[in-house]
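**Student:** Summarising the annotation, Swiss-Prot assigns site 'Transition state stabilizer' to Arg17, Lys24. Residues or ranges marked as site 'Positions MEP for the nucleophilic attack' by Swiss-Prot on the basis of sequence analysis: Arg158, Lys212.
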Amino acid sequence: MKRKNIALIPAAGIGVRFGADKPKQYVEIGSKTVLEHVLGIFERHEAVDLTVVVVSPEDTFADKVQTAFPQVRVWKNGGQTRAETVRNGVAKLLETGLAAETDNILVHDAARCCLPSEALARLIEQAGNAAEGGILAVPVADTLKRAESGQISATVDRSGLWQAQTPQLFQAGLLHRALAAENLGGITDEASAVEKLGVRPLLIQGDARNLKLTQPQDAYIVRLLLNAV
């Protein structure tokens, strides 16, 4: 039986570093919010069967998203951290029968709204049938420095280093087990949780355009990228 590909967007964060008067996923770039741009990517992709957004129980912006994308599931069961939000989303997918344990969950940052469709297709094609799952990533290009008290303490060898992106694709059952720990401290992405089980996910070539909206100046670059699409 064909595995379903389910996009899961954790959107319960408040984006403190971005400095806006609302969570950054609800900041407007052009005529749409960042989150609406993200949802459009997955809704347009023929290989994605379902898209789910998990927001905070206190979210007051999600109704607009639901109106714009009535076919998207918007769940207000987000947690205090990204890992908790993803865990809650995966658990509900399994509990409701919307996902089987072998279905693929593609977890994607709500602030990465420039994901090229070809990068998404590449991830699904190369990792969609892999038991260990896989993530989009790009080789580290810049020279890395280790700091101590505001000074360089060492230059880090960047050979073999990759910068993780999203989506990160894993079977629902594996992801559920990986996030089942009571203490999720130190889990910064889904791959790091899966790695703790001894699993080594695949690295799939990502795309430099798939940047994450983090600082206010990132909005300028994102706007240019979206206009170029």
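We count from 1, first residue shown onward.
Each residue, glycine too, has its Cβ placed from N, Cα and C.
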**Student:** By a simple count, how many Cβ atoms lie within 10 Å of the Cβ of Lys212 (site 'Positions MEP for the nucleophilic attack'), its own Cβ left out?
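**Tutor:** Taking all protein chains shown, Lys212 (site 'Positions MEP for the nucleophilic attack') has 16 Cβ neighbours within 10 Å.
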**Student:** When a 10 Å sphere is centred on the Cβ of Arg158 (site 'Positions MEP for the nucleophilic attack'), how many other Cβ atoms does it contain?
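**Tutor:** Excluding its own Cβ, the number within 10 Å is 13.
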**Student:** For Lys24 (site 'Transition state stabilizer') and Lys212 (site 'Positions MEP for the nucleophilic attack'), determine the Cα separation and express it in whole Å.
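**Tutor:** Given the Cα positions, Lys24 (site 'Transition state stabilizer') is 11 Å from Lys212 (site 'Positions MEP for the nucleophilic attack').
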